[in-house]
Structure formats: C-alpha cells, structure tokens
Amino acid sequence: MELGLGMGMGLGDPPADYGSIAAVGLFVALICVCIVIGHLLEESRWMNESITALIIGLGTGGVILMVSSWKHSRILVFSEDLFFIYLLPPIIFNAGFQVKKKQFFRNFMTITLFGAVGTLISFSVISLGSLGLISRLNIGSLDLGDYLALGAIFSATDSVCTLQVLNQDETPFLYSLVFGEGVVNDATSVVLFNAMQNFDLANFSSVKFLQFIGNFLYLFATSTFLGVAAGLLSAYIIKKLYFGRHSTDREVSIMMLMAYLSYMLAELLDLSGILTVFFCGIVMSHYTWHNVTESSRVTTKHAFATLSFIAETFLFLYVGMDALDMEKWKIVGETFSPMKSIALSSTILFLVLVARAAFVFPLSFLANLTKKTEEGKISIKQQVIIWWAGLMRGAVSIALAYNKFTRSGHTQLPSNAIMITSTITVVLFSTMVFGLLTKPLIRLLIPARHLNRESSALSDPPSPKSFLDPLILNGSDVDPEIGVGIRRPTSLRLLLASPTRSVHHYWRKFDNAFMRPVFGGRGFVPFVPGSPTERSVPLLQGNEN
C-alpha cells in the first residue's frame, strides 16, 4: 500500500498526494467504526474486535474494488515492513508490559516447552505432510525448500488474536500458557523460516543440524538478554536523572523510545525482535514503571495499551482489505480450477489441526509429570482449549508467505500465487471460524463458576505496601510478595517438591537485596520532590503482578 507523501511542494501545490490522504483517512475512519461496533458487541459471546475489524476490512475492500471497476486493487497490498517495523512492536511490548508476571514465570518452562519444542514438532509435521500431500496436487514446481518454508509459515500462531479471545482475568492460567507460547512460537517460526531460507539443503548433515539448534538457543538467549538489558538501562537512567522533576513528557518519551529501540537493535543484529521487546516490556513494568512520577504511570499504562489497541485494529483491517488483492486471485483463477484451490487450503488446514494436536497433548502429559499438585496440572479440558486457541493463523503467516512467494508483493508464477491465496484463505477461515468458536468453547468446557474459581485461585496475590515489612516472623521467612510465612526448605527433596514457591521466594530476596536498590522499583526510590513515592503505588497496583 502506497502511503508516501509529496515532499517537493510549491506554494500553490496541494499539501500531499490525494491518494495517500484518502488511504490514511479511510483507515482512520474504519478504526473509529471498529471501536464503536466493538463497544456495542462487548458482551457478545461470539464476536471480538479482531474478527469485527477483519469483516469490516473485507467489506470495505470489496466496496473499493467494485467502485474502481476492479482496477485499483494495488491499494490493498500487504507490506512486510509496515507489519514488522510499525504494527507488531507496540502489540508485543504492551503484552509484556501488562502481563501478569508471576503467572507467566510460574509456567515459564511449560510455555518454553510449547513455544520452542512444540513449534519444532509442528514445523516437522506440516513440512512432511506438505511434502507427502501437497506435492500430489500438481500445483507447480515447488522444491524441498518451499515445503520446509510452508512448515515454518503455518507453524506461526496468531498471538495477536489470542489477546482478543482469551481473558487474562477470567482464565489467567490458560492465557499465560496460550499467549506466552504464542510469543515464543512467533519468534521460533520466524527464526525457522530465516534458517530455511539460508540453509544449504544439498549438504545437510547431523553436524549442521546440531549447529542449527545451537544457533537457535544462542538467538533465544541473546534476544532475551538484549530486552532485559534495555529495560534495566531505562530504569537506571530514569531512576538517576529524575526526569519527572521538570517534565513528565520526557519520562514517557524515554520509556517509549527505548522500548522501540530494543526492537530495532534486535532486528539490526539479526536477533528476534519479538522476544526482545516482550522481555523489555516485562522488565520495564517491574522496574522502570515504578521509577516515574504518578502521572507518568497513569499515562504510560494507558498510552501503551492504546497504541497496542490501535495497531491490532489497523492490522486486522489491513489483512482483511489485502485479502481482496485481485492480481493473485486472477492468476490462480486463470490457471487452476476452484476445486484445486479448495483442496490446497483444506489440506493446509488439516495439517495445522494435526500438527497442533501432535505437540499439545504429548507435551501437556510431559509437563504434568513435573507437577506435584493437581492444581498445577493441565486438565484434558484445558488441553483442548489450548489446542483450539492456537489454531488461528494471522499476519505473521501472511508476512512470511509474501516474503517467500513474492517479490515486493508481486508474483506472476501460478504456483506462488496459489500459495499466497491459500495462505490468505487459511488465515481468514481460522481467524473467523476458530476465533468465533473459542469463547463458546471455553464456556462449554469451563463453566462460569469454574472460571471464577480459577481466577481467584490462580490470580496474583495483592502486593504489599512496602518491601520493608518484616522479613523474619517466628523463625519463618515471609515472602514480601504475598505476606505469609514460608518455611525454608530443609532438604533437596523438599525443594524439589515445591520448586515454584522456593525459587520465587529466593528471587524476591535477590531482587530486593541487589536489583531494586540499583534499578529502582516499588519501595526503593528515595523521596525527591516530584519523584515517585511509595504512597502513590496502591493507586495502580494492578501493574505490579
């Protein structure tokens, strides 16, 4: 989509290209419409704002094509740069900034198991299935690299839509698992896709495979480290300089810019910007957010959420309108029969369903073996919801498909064109059908009374007013996060029997003793006129999770 503005203007020239103004104005108007309709459908058990935006995008694209006599479809072209550089970062950052941290890290090993190992299993199943099934459809000259690319493209779940269909307050356990897995999954899928693009399939060996695994672990670790470092650097700068004494605008600006800078640095260094900006959001919410003034806390919390919301809505409108790009549909219609297109899309959907089940249920079984209590285990009903909620495919899949099968958004090869149209079909079907049925499925498998019970049992306990509460009470350690005594493990067996509580307890002691005095956080910022104080924290305790 061309959004360039005219720069060489004379005094009597128009202010900008009218096509660009019309395109931007149209999207702004449609976002307003989506907000209004989303508000009216807030209580709907079927619809959500992402599906609403997708439908409105499809309808608007159809109207534009008809008005232009089917000539101006290029205004609907999907841009990888727009998606990866401008739309995705605020969405992923806000998810990390708002995530319930205790719930996320309590399930971190399971999330990593699903997001990394599960994606590799899904990639293998889809790649092998494509090689065995799609190759029989005779859609053109696809090589082994194309089938492996399909595995990476359709292994990427839609973590953006997950934010819409699952509620963090109603189902915190499911939300942390599905969304956390989605973030790691997206990062893993992009890494796999790039690796397949640069992998020499002719000289494949076990050594190169082990090298690939090592490179993946290195990328995961360095991306996470960069995000944590950016978050800590922003916390230290704001803690030491106290921007709020003179201007709260500078506090808010430095938080936004450093978060975005972490993403861009990761992309420049060929790391995973998704992982980097996600962990940067987590660290900023834990340290930096408590170092700014009270007014900046309110501003940043709502500003990040607003930017994320607008980016999500714009993204689904964009995908809906791009689905009606006529260039590729005409090539497919002139070369292949409708039944062949339907067969290809159906085969991909079948492989997505099978690949998702191939790792959710076995890995859930393995994860349950490490849990000592029934409360921490993933029930079969929860496994079904995790399987279903992860079936949606979104803009990441479309962006990767455009990268593989087009050049600057264009292609004249029928085999490439049908892969793009099939990807669009799968994304639209999975988002609208699976997305529409997710909420009713949750209500069916987990009735309202159980939702309330899960929310109260698994929600993060309220934070104390000060870390200076007594740390020793009757010979037992007191966890400052929950305010109750925790008996220190007296043996390795006891430590293994309750690892989550013990590890979290020792992290809190390390955090209070070493991290917060240096990088700030609740309770560690000295009183300075105009700087944050402990008295203002309870107003927004929801962010310290």
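Backbone N, Cα and C atoms are what each Cβ position is placed from, and that goes for glycine too.
Features as listed in TrEMBL:
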DOMAIN    31-442  domain 'Cation/H+ exchanger transmembrane'
TRANSMEM  20-41  transmembrane segment
TRANSMEM  53-70  transmembrane segment
TRANSMEM  82-99  transmembrane segment
TRANSMEM  111-135  transmembrane segment
TRANSMEM  173-196  transmembrane segment
TRANSMEM  216-238  transmembrane segment
TRANSMEM  259-284  transmembrane segment
TRANSMEM  304-321  transmembrane segment
TRANSMEM  342-365  transmembrane segment
TRANSMEM  385-405  transmembrane segment
TRANSMEM  417-437  transmembrane segment
Checklist line | Interface check, the transmembrane segment (342-365) with the transmembrane segment (216-238), three or more C-beta pairs under 8 A | finding: no
Checklist line | Cβ-Cβ under 8 Å with the transmembrane segment (385-405): same-chain residues at least 6 beyond its ends | finding: 78, 80, 83-84, 87-88, 114, 146, 149, 152-154, 156-162, 165-166, 174, 177-178, 181-182, 185-186, 189-190, 193, 197, 315, 318-319, 322, 352-353, 356-357, 360-361, 364, 378, 411, 413, 416-417, 419-420, 423-424, 426-427, 430-431, 434-435, 437-438, 441-442, 445-446
Check: Which bits of the chain, at least 6 residues beyond where the transmembrane segment (111-135) starts or stops, bring a Cβ under 8 A of a Cβ in it?
Finding: 104, 142, 144, 147-148, 150-152, 154-155, 176-177, 180-185, 187-189, 192, 216, 220, 344, 347-348, 350-352, 354-356, 358-360, 363, 366-367, 386
Check: Per the definition of 3+ C-beta pairs under 8 A with sequence separation of 6 or more, do the transmembrane segment (53-70) and the transmembrane segment (259-284) touch?
Finding: no
Margin query: How about the transmembrane segment (82-99) with the transmembrane segment (259-284) - do they touch, taking at least 3 C-beta pairs under 8 Å (6 or more apart in sequence) as contact?
Written below: yes
Notebook entry, point to check: Relative to the transmembrane segment (173-196), which of 20-41, 216-238, 259-284, 417-437 accounts for the most Cβ pairs at distances under 8 Å?
Noted result: 259-284
Notebook entry, point to check: Can you say which of 20-41, 216-238, 259-284, 417-437 has the most Cβ pairs under 8 Å with the transmembrane segment (304-321)?
Noted result: 20-41
